[in-house]
């Protein structure tokens with residue numbers, strides 16, 4: 001029930017915020033969004049899952065009600081948490097209040113709609129990370145698009161409409177591809193499943209429930225479905241070459257939306273990859289290990305090179321997200337404890353760090369109304385605190401030890417380097433690791449140009465220290481990043497617990 | 001009695017707290033939090049002494065203190081490893097850090113710098129990171145603090161961020177070292193993948209496992225069926241990448257001269273005791289691993305020897321005080337690398353120690369001069385400061401003599417031992433011998449540029465108004481100088497191997513015995529163990545050991561004096577001139593540091609070009625395809641809608657045709673017309 | 001005797017609609033003044049609702065359900081009341097209710113709206129009859145009974161050139177189509193000697209030389225169905241008719257009339273020409289429907305993507321949705337377990353479509369009532385002035401595009417799911433491509449209303465009235481569209497039961 | 001005794017004539033008449049095969065069709081009337097305001 005309460009409350013909060021007058025919306029939304037965070041902390045404290053939810057582990061806060069029966073398959077409201085989803089739930093509920101706080105300054109019109117949509121999106125994100133029935137999950141998965149479309153389209157930058165429609169159509173097309181792939185898979189399972197509950201499907205697949213279906217042999221079916229789903233999720237992640245919607249969306253989106261987009265929405269893709277491709281079809285995944293690892297490495301290096309070429313701070317961070325997601329893919333495909341666990345950890349870590357970066361860039365933008373590297377210099381002179389945190393965040397992005405980013409990346413590297421299941425693992429890993437040099441390159445030079453040196457600003461605005469409610473979320477995020485970096489086990493322990501079954505291939509108990 | 005080792009974490013944490021204090025409350029504290037830093041480093045210093053005595057008391061310490069990530073594959077942990085080496089290093093680092101803090105009172109506070117809290121916070125974090133690195137008991141922890149050291153150098157080099165220079169220098173320092181650290185990180189990961197652990201000491205430590213694997217007992221993971229030996233060499237070289245970066249060895253040394261943009265005390269800290277020392281210390285720390293792979297050792301030795309000579313030549317033509325010192329640092333660390341490569345573990349640590357003191361001394365002395373000269377560093381504007389600032393002069397002179405390796409100053413002993421080791425081991429190791437030769441050639445050059453610096457700065461006639469009337473410096477400058485000056489004189493006596501060998505006085509090679517666990521230490525981390533597993537055998541010239549010692553010493557001393565003499569002739573005159581014209585074409589090459597910076601800049605630009613190209617590709621091709629799909633489908637749509645002509649008769653026609661088409665399709669499919 | 005009356009009561013939904021139609025004529029003769037508009041609307045709405053409630057009650061009571069004694073047949077088996085019929089009657093009734101309520105505001109200044117209400121109700125009666133038809137004769141009669149009032153309704157605004165042109169084109173294409181349809185029936189009769197589905201079916205089992213004749217006839221019947229459902233190649237009337245007709249009429253035709261076409265199709269092709277027998281006789285009508293479905297959805301969506309006028313875009317989109325629903329017939333395969341699923345999904349889609357599409361057209365009706373223009377640009381910034389209505393419209397658009405949390409999501413994805421289950425991956429894939437395109441043009445409307453700024457500050461001053469009834473209808477449709485997502489269970493189950501009864 | 005296939009051919013022929021008329025004539029009234037022709041072609045089938053199968057269904061249905069055709073014509077004439085009022089012509093190719 002508690003999960004229903006969490007999601008339901010968030011929906012109601014969204015509704016309520018939609019109805020209040022603009023001037024209250026910001027504060028009210030912040031207050032309301034604190035509740036889910038507290039709730040998720042409570043979940044954390046009561047968390048009692050063991051193993052992976054899909055492979056017969058004990059699911060925390062499980063609750064299930066039949067919803068629709070279609071074609072001999074029951075679709076049910078089926079939610080629950082395991083060590084992989086809980087950290088992401090906490091991440092979501094943690095980022096949203098901060099994002100809302102960071103919206104107080106930039107969002108100056110139609111506030112109640114803005115904050116309402118933010119909360120509506122949060123509710124759906126929670127749904128995505130808690131749902132354990134395919135259709136329920138898919139409902140939330142698609143429902144996230146709607147608020148995002150408005151958030152980018154209404155409050156975005158000059159090319160917001162183009163960015164919004166591009167994001168909207170592109171990701172929806174991907175979802176449809178994934179849907180067809182997954183559905184064919186479930187039907188090829190024939191009578192071995194009676195519902196669309198993910199654990200059941202996973203088990204059926206593990207038990208070799210695939211039958212020849214309209215002349216498609218089981219192996220072929222599994223491979224086709226894997227590819228379709230991989231392609232579908234790849235767009236969401238996004239990984240090269242289906243990443244081009246991301247920079248546009250990021251650049252046009254208002255700061256708080258970018259925060260959630262980079263912080264949580266991208267994680268939907270990697271989360272789905274982990275849940276579907278790598279947990280349900282491990283054989284296909286390891287059969288395709290080399291091409292996938294190649295894609296991952298390309299994403300890392302190519303994304304970093306693109307970031308190096310950018311002049312817009314937000315674009316830089318956007319492309320570096322592509323780069324970081326490449327690490328996650330690499331971690332997933334190697335099927336080792338540190339690889340998969342590190343990838344999941346990296347989702348959280350990158351969520352926090354990229355959130356911090358976008359937020360900090362946003363604070364600078366609020367003051368200068370430009371994000372172009374050439375337009376400003378020596379910002380450190382005028383807004384020392386903000387710049388200080390921005391620098392710290394940048395070093396976190398570069399994988400500075402004792403910050404969350406390093407933990408995630410190191411776990412992935414150390415898990416990937418000696419991975420038995422991936423041929424040429426050391427080569428791939430070493431290549432991917434070179435990303436840490438390029439990221440240092442573009443972040444440092446961007447900082448040097450914009451933050452340091454004598455103060456200069458092309459746009460004529462008075463730049464002073466940022467207001468408290470702008471800096472506070474930055475500080476909180478930074479603190480969280482450092483805590484996670486010093487003590488990664490607070491999440492990594494449960495993640496490992498849930499990741500091990502994936503590594504061992506789907507276990508067939510229960 | 002309470003266990004000294006219980007306070008090992010405190011050694012690291014005290015400066016860290018001073019960092020927090022200075023960062024949080026610095027602007028409310030007197031002197032911008034300086035006293036906090038001084039107190040913290042003093043505390044760490046005392047604790048280090050205590051710990052050292054405990055080690056001298058025959059004990060050692062190797063504990064895992066904190067589990068960072070408890071995986072089943074590997075456990076990633078933090079721990080403290082206290083053996084003679086780390087104990088010694090602790091003392092050095094804390095002492096230098098303490099003196100630098102004190103000196104900063106004079107250099108920063110009295111000069112009315114702004115942003116002092118940031119400065120002292122940086123110093124504190126810097127010290128803490130370095131200490132954490134020193135006590136690290138495994139490679140991962142070492143890497144982490146290694147990186148934090150890099151961060152601190154970035155922050156401190158870029159301290160004057162409002163000027164254009166420092167930020168770019170800071171960026172360069174971090175980037176170049178990051179490039180080295182990339183290989184280091186790959187090495188760390190490789191070590192984990194290979195051995196499943198990264199511990200330095202003990203039975204389960206990776207050097208021990210490597211030794212076992214080479215001995216044929218116990219198997220380790222190697223990629224793609226690579227031979228164990230080859231793979232270990234690769235791993236060793238990978239880790240070496242970080243060393244080359246941080247210890248500013250060729251070709252990653254370019255960041256160090258630029259790092260002079262930082263405040264002088266910071267330079268002292270970076271060069272003497274922390275960042276640059278870290279690289280060499282790392283090799284010494286895991287020497288048990290390097291000793292197993294001759295190829296790596298040879299590479300280390302050659303790179304070291306080459307760097308020693310190469311950097312020294314560049315130091316010859318520099319005009320700024322700190323620039324000369326910068327290149328001397330590179331050169332001196334080259335010597336240490338040479339020593340390590342030559343199997344002279346003790347010699348390297350010895351030189352690390354002496355160099356820490358005299359290089360700190362020289363930098364602080366330079367700082368004092370810079371105060372006096374109102375932050376003008378050009379030696380051609382100085383001269384005749386000897387009479388104006390005697391304390392600075394004599395301490396600086398002591399440091400210079402040590403640096404030049406003049407008997408009996410500290411530098412002489414350590415450098416002599418390095419060359420000796422390189423010689424005796426190099427006689428049947430061509431690569432090593434090459435390193436030795438270059439090291440030897442570097443001796444006179446070192447002496448020359450050192451004393452060129454001394455004479456230009458302190459001798460002759462004042463060449464500028466400020467030189468005529470320099471600003472006086474206070475106790476907080478003179479104090480540290482005095483301490484270090486005396487150390488620069490005496491440190492050499494802790495390890496008078498030549499004397500021992502010649503006069504046969506047993507037991508005065510205290511450092512040897514110290515590092516040989518004679519008083520206490522950890523099994524497997526002792527110099528003789530390294531000698532045992534090391535690949536080298538000693539050969540002697542002039543028949544026998546003693547002559548070799550004497551010849552070697554005589555040669556190096558003679559060369560040093562020659563260099564000094566040349567400097568004396570050229571520059572110890574009332575109004576010296578540059579004389580660089582004599583160098584002819586080489587001059588420009590040296591002035592421009594062999595154009596290596598240009599090379600790196602060129603590489604950076606090419607990288608940016610590639611990035612730009614890929615951006616065009618991304619926007620044009622990849623995104624073009626995406627947008628192309630949408631425009632194509634829209635075009636298709638506007639074709640389709642044209643069917644709807646609005647003429648109802650045509651509708652009827654198309655309707656009929658459609659129906660007929662349908663009939664034909666089904667008819668053929670169903671075979672009605674047969 | 002009582003048995004017979006009981007059987008006759010099963011027709012009461014249809015009868016109620018018809019009686020209401022007659023009652024309206026009476027009311028009109030009693031109060032022939034312009035104020036009669038309200039009373040007309042009220043009466044017709046009440047009649048429609050009454051019929052709806054009776055239908056729903058029957059469904060719940062399991063009248064005609066397989067478990068409850070099976071279908072009820074009358075008139076020598078020419079009429080048959082079962083779950084399928086009731087299910088579709090529910091669609092017709094609810095759409096009719098929505099339309100007549102909305103019409104009250106739309107025709108507020110029309111000289112004599114009485115005719116509109118009675119014609120609508122008679123058309124609805126025809127549809128209800130169509131739903132229970134169990135003989136080709138009844139089918140044709142009922143079909144004409146739907147078509148003839150529709151022609152008149154489309155051309156209802158006699159002084160409006162658009163309306164008249166639309167009516168003319170609709171009529172001409174309709175007349176031609178019904179002639180084709182009729183000839184098809186005659187050929188089937190020629191081949192089988194009967195018009196009652198059951199007997200036709202048994203005759204189809206044993207076609208020999210006449211297979212070709214029957215085949216041509218069946219294809220012509222497909223054509224007639226295609227006309228009613230506005231599918232290629234009989235769709236040409238649709239864009240003009242929907243665009244030119246008064247918006248409530250467009251809503252009525254594009255939702256109810258289309259559904260009527262589908263109910264005929266479902267029944268005729270499953271009961272009169274069972275797939276197995278037809279294919280055995282070399283008449284693979286499923287193939288025909290597959291072709292038609294593919295072409296229809298593609299043409300509809302791609303043409304809709306490039307329209308300038310919202311109403312015409314909706315017209316094309318409704319063609320596209322006809323293509324989706326046709327999957328319910330196209331993706332059938334002999335004896336496959338998935339047949340119920342896919343056809344049921346198609347029915348459920350038609351129900352949901354009934355609400356969301358009607359709502360969308362009624363929103364257009366509201367826009368026409370306000371007198372703001374018809375193009376996307378004219379809708380710019382509309383949300384500022386009419387947030388509620390625009391939110392409802394956004395709901396319709398996203399639901400039509402198949403996005404959650406709206407009912408269109410489930411119906412569409414279950415439809416694709418059914419296609420996949422029967423192995424028609426290519427149809428599902430094509431549907432996916434099309435729904436991506438549709439997402440583009442549907443979101444254009446949302447973009448215009450919410451994202452764009454009005455062309456001129458005064459552009460929206462036309463919005464001076466708040467047509468209550470229209471609002472009520474639109475909002476109700478929106479609420480239904482949202483609530484049908486959590487409440488989708490009963491719908492899909494009823495639909496699958498209805499479909500199951502056919503196989 | 002005429003074999004029934006001939007009726008089939010006759011009906012098909014008449015149907016095609018009607019279709020031809022529909023496709024070639026722009027005059028609304030011709031259009032209507034052609035449609036009537038097509039419907040009557042169907043009627044021929046019904047009557048003929050009612051006789052062939054010797055059941056009355058076809059004949060009865062033919063009567064229904066005739067009635068419905070009349071109704072259709074009535075509606076059609078009405079629409080053509082308003083068309084004439086609005087467009088001043090009964091050429092079906094005149095109203096082309098709505099297209100694409």
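First residue shown is number 1, and so on along the chain.
Note that Cβ sites are derived from N, Cα and C of the backbone, with glycine treated the same way.
Curation does not apply to TrEMBL; its annotations are automatic.
Among the ranges B:62-84, B:85-107, the stretch that TrEMBL annotates as transmembrane segment is B:85-107. Listed ranges B:393-413, B:498-518; the one TrEMBL annotates as transmembrane segment is B:393-413. Looking up the ranges B:221-245, B:521-545 in TrEMBL, the one annotated as transmembrane segment turns out to be B:221-245.
Of the listed segments B:356-373, B:374-391, TrEMBL assigns transmembrane segment to B:356-373. Outside the transmembrane segment (B:182-201), and at least 6 residues removed from its termini, the chain residues within Cβ reach (under 8 Å) are 62, 73-75, 79, 81, 83, 136-140, 142-143, 146, 207, 209-210, 220-223, 231, 234-243, 245, 285-286, 288, 522, 524-525. Remote same-chain residues near the transmembrane segment (B:356-373) are listed as 92, 96, 99-100, 103, 106-107, 110-111, 264-265, 267-269, 271-273, 277, 321-322, 325, 328-329, 332, 381-382, 385, 388-389, 392, 395-396, 398-400, 402-403, 409-411, 457, 464, 466-467, 470-473, 477-478, 480-481, 484-485, 487-488, 491 (criterion: CB distance under 8 Å, separation of at least six residues from the stretch ends). Here the transmembrane segment (B:33-56) sits apart from the transmembrane segment (B:433-458); fewer than 3 CB pairs are under 8 Å, leaving out pairs fewer than 6 apart in sequence.
Counted with DSSP, the domain 'NADH-Ubiquinone oxidoreductase (complex I) chain 5 N-terminal' (B:68-120) comes out as 31 helix, 11 strand, 11 coil. The stretches the transmembrane segment (B:119-136) and the transmembrane segment (B:296-317) are not in mutual contact, being linked by fewer than three Cβ pairs under 8 Å (pairs 6 or more apart in sequence). Beyond its flanks by at least six residues, the transmembrane segment (B:85-107) meets 11, 15, 31, 34, 37-38, 41-42, 44-45, 47-49, 51-52, 55, 119-120, 123, 126-127, 130-131, 134-135, 263-266, 268-269, 272-274, 277, 281, 284-285, 349, 352-353, 356-357, 360, 364, 367-368, 371, 473-474, 476-477, 479-480, 483-484, 514-515, 525 of its own chain at Cβ-Cβ distances under 8 Å. Within the chain, the transmembrane segment (B:479-497) has long-range Cβ neighbours (under 8 A, six or more residues past its boundaries) at 99-100, 102-103, 346, 350, 353-354, 357-358, 360-361, 364-365, 368, 391-392, 394-396, 398-399, 401-402, 408-414, 417, 420, 508-512, 549. With a threshold of 8 Å between CB atoms, the same-chain residues lying at least 6 positions outside the transmembrane segment (B:433-458) that come near it are 301-302, 304-306, 308-309, 312-313, 315-316, 318, 321, 324-325, 327-328, 331, 334-335, 338, 341-342, 369, 379-380, 382-386, 393, 396-397, 400, 403-406, 415, 418-419, 422-423, 426-427, 555-556, 559-564, 566-568, 570-572, 576.
Averaged over the domain 'NADH-Ubiquinone oxidoreductase (complex I) chain 5 N-terminal' (B:68-120), the predicted model reaches a pLDDT of 88.
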